[in-house]
């Protein structure tokens, strides 16, 4: 059989159909409470007038996404009624009929068409090295496989249950449009995305500064600095009109009804606490671990009275406000300041030395990862927001490929606790191994040699030991019943080290590029 030609995109169709078939196989697997969350939102959007959407609270899973996503659920509900009308009854809490499961799973698979199209557009935008004729070794083939078959996206959307593929499709399509120089389209897509899910506010600084610097200012000085006289008010008005129009379409009806404060209170519920029930592998997981270690040490040395210490709620899997025992407690304002400080150098970098759309893409990844490292009540799933766009840079640079392998392997393993049932254990292990092995072998082949140093390789191999400890050794120990949270703690803290290391390496590469640019000017 003849090998497909490089310019023959039939291979892309094969990859897309293959992963879609796998998603169909996963329809009857475990699903999380997010399944009920979205069923309830379907019912709310279908059963109540718009004025009641952000007030309805029959279920604890109240509507807390921006209005465009509510309209998205409203549209889905009109299809859902042909599967099982009972799923659209708000009072039918935790309703999971076979038809309901089928519809919700299929709705994720079908809306993933946006993601598939976006991946193809990203592949068209990848820089290619001349001379390579092996399809399997081409950067755009590797990128397509890394995105379409992304392990994290597969288990979060098609087992755990969410609509991230649809949302990330809009994000990647926006990125692709900027790489193609179609900046107004990219801005429009991101404005729509923000009004579908507000977590993307974390990467808004990258978009805002990039578009202001590289679109509204049309020329640079010879040293790369901004030429102030090249500012185009017309372009700024065009951008502003796009953003204002989308936001008016989304929030306008609620502003007219005087419900904007109610909507915002749903979108930003700061009483949920610093960390999620399972600590995302970030700085605050390490901070919490240090606090726990100090409190235990203080009690052992009889320096602290255990009766006066706060309840150990953060190791009990609860989602609520929490007071640290020894270290100062962290407020939402502190996390906001830390997040802004963490992304500031990257944002300033694309202002002073834009380096085109790829400089913007690197800044976007830094913003996504910075918000993950320092944000308030971060979900472990948010690591995917950095991994997916970073895949584009990983197939173009050896250094980025090394950081990508560290980040994606550690970040993906940190998602394992999301699937805690025994039936899904072999599925997540197999899918993780297949994706990780492909990532390593394909990028090693692309860049013709080893990408990680021995220390990095040793750390990643340590994940195997962590998995054996958490899934085999610890369940057989007597501590399983008295300290059930230990496996989650070990996973979170160990993965925090790898994600933190990747963030530091990414920043070092960014600052090194800035230093190189300045050296060239001298």
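Glycine is no exception: its Cβ is also placed from the backbone N, Cα and C atoms.
Unlike curated records, TrEMBL annotations are generated automatically.
According to TrEMBL, the protein has these features:
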- 12-31: transmembrane segment (TRANSMEM)
- 135-156: transmembrane segment (TRANSMEM)
- 163-179: transmembrane segment (TRANSMEM)
- 199-216: transmembrane segment (TRANSMEM)
- 236-256: transmembrane segment (TRANSMEM)
- 334-352: transmembrane segment (TRANSMEM)
- 359-378: transmembrane segment (TRANSMEM)
- 415-438: transmembrane segment (TRANSMEM)
- 459-477: transmembrane segment (TRANSMEM)
- 483-504: transmembrane segment (TRANSMEM)
(request) May I ask you to check whether the transmembrane segment (483-504) and the transmembrane segment (359-378) make contact, with contact taken as at least three Cβ pairs under 8 Å and only pairs 6 or more apart in sequence counted? (result) yes
(message) So, taking each listed stretch (12-31, 135-156, 199-216) in turn and counting its Cβ pairs to the transmembrane segment (334-352) that are under 8 angstroms, which one gives the highest count?
(response) 199-216
(message) Any contact between the transmembrane segment (359-378) and the transmembrane segment (163-179)? By contact I mean 3+ C-beta pairs closer than 8 Å, pairs at least 6 apart along the chain.
(response) yes
(request) Spell out yes or no: are there three or more C-beta pairs under 8 angstroms between the transmembrane segment (12-31) and the transmembrane segment (163-179), with each pair 6 or more apart in sequence? (result) no
(request) Would you kindly list the residues that approach the transmembrane segment (135-156) from elsewhere in its chain, counting only those six or more residues past its ends and only Cβ-Cβ distances under 8 Å? (result) 3-6, 11-12, 15-16, 19, 22-23, 26, 115-116, 119-120, 122-124, 126-129, 162, 164-165, 168, 172, 381, 383-384, 387-388, 391-392, 394-396, 408, 411-412, 415, 418-419, 428, 431-432, 434-436, 438-439, 442-443, 445-446
(message) Counting only residues 6 or more past its boundaries, what in the same chain has a CB within less than 8 Å of a CB in the transmembrane segment (415-438)?
(response) 26, 29-30, 32, 145-146, 149-152, 154-156, 159-160, 278, 380-381, 383, 408-409, 467, 471, 487-488, 491
